[in-house]
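Structure, as structure tokens:
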Amino acid sequence: MAGGKIRKEKQKGSNHFQGGIPFHKSKGQHILKNPMLVESIVQKAGIKPTDVILEIGPGTGNLTKKLLEAGKKVVAVELDPRMVLELKRRFQGTPLSTRLEVIQGDVLKCELPFFDICVANIPYQISSPLVLKLLDINQRQNFRCAIIMFQREFAMRLVAQPGDKLYCRLSVNTQLLARVFHLLKVGKNNFRPPPKVDSSVVRIEPRKPLPIPAGKLKEWNGLLSLCFSRKNKTLGSIFGQKKVLEMLEKNYRTLESLGQLMNDSEAIDIQKIVQAHTK
């Protein structure tokens, strides 16, 4: 499947190379070519000499080099075996090679080692699941922050406030579990090959302690899914639906039977609760 995509792109005559390696837009391979921008990202990350840095999608290592110079160690996760070989070749025989660990694999599927900070220019198609994975990781190990390049519209959703057009479930979830800051606007011409959209660099700082117990996040996500399930509908309209009320009552009864309800001295009529909060 992947091989077929690569052959197809070669036939189109793509001439985007670095170190003899063609880049493939279908895999989100857009390499930062502006050294001033790379320097700015590293500076805004606030990396300490003792930091272990997680980099996702390092490509040929333009950002990796600056990260290695700033921190103690870089753990680079790369899916493309060609890029893995190029990255190792670039730093082989240099003093920086001893501080670089390369993991070949899918960052969404592999187990990530401990890290203090994440700095990455990621394939944009993994933006949402990656943010959720990082916030989930923070429940087990505290990392300081993540500095990540996103597609501009996705970045704006992360930082959107109530009332904004782009405010959505992603905005609520991310801002509940982390502080989010927009750092830089990045034009498409800073990449090789240039993507079709502009980008933004965002800083994500996990909240400590979490405002919701880790075991309750699944329930919270379910509630948010309901709240944002019908665009332009009020919460009263959404929670007034018979199917929604039946589902909530069924879930409540299930938790009650499993003994997972805490600090409840008597049975609660879930319909009365919903009705009281949606009037």
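Note that Cβ sites are derived from N, Cα and C of the backbone, with glycine treated the same way.
According to TrEMBL, the features are:
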| type | residues | note |
| --- | --- | --- |
| BINDING | HIS30, LEU32, GLY57, GLU78, ASP106, ASN121 | S-adenosyl-L-methionine binding site |
| COMPBIAS | 1-10 | compositional bias 'Basic residues' |
| DOMAIN | 37-208 | domain 'Ribosomal RNA adenine methylase transferase N-terminal' |
| REGION | 1-27 | region 'Disordered' |
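Shown here: features listed in TrEMBL, placed on the structure.
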{"residue": "HIS30", "record": "S-adenosyl-L-methionine binding site", "Cβ within 10 Å": "26"}
{"residue": "LEU32", "record": "S-adenosyl-L-methionine binding site", "Cβ within 10 Å": "19"}
{"residue": "GLY57", "record": "S-adenosyl-L-methionine binding site", "Cβ within 10 Å": "24"}
{"residue": "GLU78", "record": "S-adenosyl-L-methionine binding site", "Cβ within 10 Å": "24"}
{"residue": "ASP106", "record": "S-adenosyl-L-methionine binding site", "Cβ within 10 Å": "10"}
{"residue": "ASN121", "record": "S-adenosyl-L-methionine binding site", "Cβ within 10 Å": "28"}
Greatest Cα separation in angstrom, residues HIS30, LEU32, GLY57, GLU78, ASP106, ASN121 binding S-adenosyl-L-methionine per the record, works out to 21
